[in-house]
Amino acid sequence: MTSRLFALIPCAGTGSRSGSALPKQYRTLAGRALLHYTLAAFDACSEFAQTLVVISPDDAHFDARRFAGLRFAVRRCGGASRQASVMNGLIQLAEFGATDADWVLVHDAARPGITPALIRTLIGALKDDPVGGIVALPVADTLKRVPAGGDAIERTESRNGLWQAQTPQMFRIGMLRDAIQRAQLEGRDLTDEASAIEWAGHTPRVVQGSLRNFKVTYPEDFDLAEAILAHPARAS
């Protein structure tokens, strides 16, 4: 039987670094909620059996009317960390018929520059891979190491072989769930899915990402994201 595709959007964060009381995924960019762009990109890919958005149990800001016409489901099962939210979402996917052998693409709600073309590039590159992988970009900037709380440069780090992880990150549901569970049991709170897969002893692959697909984090990022989203992505 052919493995199916599911998308999982952890959306339980408060966006404390964004400088706004409103969680960043609900802020308006170029006329739409930031989250809308992610949902629209996955909605445009008919290959997906379901897209699941995981929000906090006490989220008072989510309004389904802002995303009318898009195909997705919502579950209020967000946890105290991204890792916990993803784990809870993976468990919820069984409700939609997902099996351990199916693929899940986990994507940050705060990366509105994702495109259907990039999603399909990732799927095409990894659909026959035994592990899976992520979209990422080679590090372009020179890297400096500075001690915590300080401002003096200790040394310059080599950027050779370094890639900046993005999302989506694509893995088999069973493998990812087991990897996160193992990390949790060992007291590790990892910041992305690939880290959990690596922790479990597997080797994910990288697929070339896009500068457009950056993560909106700080207040100044909103202006940049709005400028990008105001112009349609070029077809690849």
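We number each residue from 1, going along the chain as drawn.
The backbone N, Cα and C atoms fix where each Cβ goes, and this holds for glycine too.
The annotation site 'Transition state stabilizer' is assigned in Swiss-Prot to Arg17, Lys24 on the grounds of sequence analysis. The site 'Positions MEP for the nucleophilic attack' annotation in Swiss-Prot covers Arg159, Lys215.
Residue environment of Lys215 (site 'Positions MEP for the nucleophilic attack') contains 18 other Cβ atoms, counted within 10 Å of its Cβ in all protein chains. Between the C-alpha atoms of Lys215 (site 'Positions MEP for the nucleophilic attack') and Arg159 (site 'Positions MEP for the nucleophilic attack'), the distance comes to 20 Å. The two recorded residues, Lys24 (site 'Transition state stabilizer') and Arg159 (site 'Positions MEP for the nucleophilic attack'), have Cα atoms 31 Å apart.
Long-range neighbours of Arg159 (site 'Positions MEP for the nucleophilic attack') (same chain, six or more residues apart, CB within less than 8 Å of its CB): Pro138, Val139, Ala140, Asp141, Thr142, Leu143.
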